[in-house]
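Record features (TrEMBL):
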type: TRANSMEM; residues: 49-69; note: transmembrane segment
type: DOMAIN; residues: 56-113; note: domain 'V-ATPase proteolipid subunit C-like'
type: TRANSMEM; residues: 90-110; note: transmembrane segment
type: TRANSMEM; residues: 130-154; note: transmembrane segment
type: COMPBIAS; residues: 172-182; note: compositional bias 'Basic and acidic residues'
type: REGION; residues: 172-211; note: region 'Disordered'
type: DOMAIN; residues: 213-242; note: domain 'V-ATPase proteolipid subunit C-like'
type: TRANSMEM; residues: 217-242; note: transmembrane segment
Amino acid sequence: VAVSTLPSGSLPTTNLLRGEANTVGRDAQELVPIPRPTVSRQRATDASWGAFLGGMGAVLSMTCAALGAGYGMSKASLGVVSLCNLAPSAVLRGMVPVVMAELLGIYGFISSLNILGSFDIHKYTSFAGYLDFGAGLTVGLSCLVSGLSIGAIADANLRSYGIYARRSERAKDAKENKESKEGLAASAPPSYGTVGHIQQGPPEVDPEQERQASNRVFTAMILMLIFAEGLGLYGMIVGLLMHNAAGQPVPARVIEHVPVAPVIETP
């Protein structure tokens, strides 16, 4: 800002409160503008800081949710591979944890879309940015913890479920083979004579009991997965409530606050 030279014996007249041009000296004819922060500049700064916070909230929401979903799906896939080796007929049941882990990524995606959809340079403030940052962090961390839980639960329970399902299938096959042998022995003609000694094999396993045991393991796994999935769902609900609170109007005195400077006048 160019400032003119003051004549000797003159006193400056300033008005910092109103920000008006002030006459310097009694005999001076030039006007000296007094620089001061404008409301539009403060709004732009406030919107820029709020956009940064909101953008970081969207990034954390999507990134942490994707990490949780990826870990959960990878651990659940290990259990599905083990289930393929133990009981191939039960592979479709093993896909349930994979689907539930994928839902965590959808939670983070929805939260990020809500935050990014509210960006407006004329309305977005640092107040909204702070709340959206907290909302994104809440959703992201909740989905991350939920993904860790789902992965551990799925890997352990699918292996156990595969063992029981395999034993049930083997017991069912053994029972069918025994019934077929008994039917052949009963239909054999008497000229073949009688069997004097029957070799004792391992104790028979009831296939119905093994099937019920595998169903109990699967039911327990589903319940644990639902509780683990609830962690991410709770985080998404809280994040949506925080995002809705960020959309409420902020009082003008909070946005347009300008420090008041003293007024200096000359007699």
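Glycine is no exception: its Cβ is also placed from the backbone N, Cα and C atoms.
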Work out, from DSSP, the number of helix, strand and coil residues along the domain 'V-ATPase proteolipid subunit C-like' (56-113).
56 helix, 0 strand, 2 coil
For the domain 'V-ATPase proteolipid subunit C-like' (213-242), the number of residues DSSP places in helix, strand and coil:
30 helix, 0 strand, 0 coil
Which whole-number mean pLDDT does the model give the domain 'V-ATPase proteolipid subunit C-like' (56-113)?
92
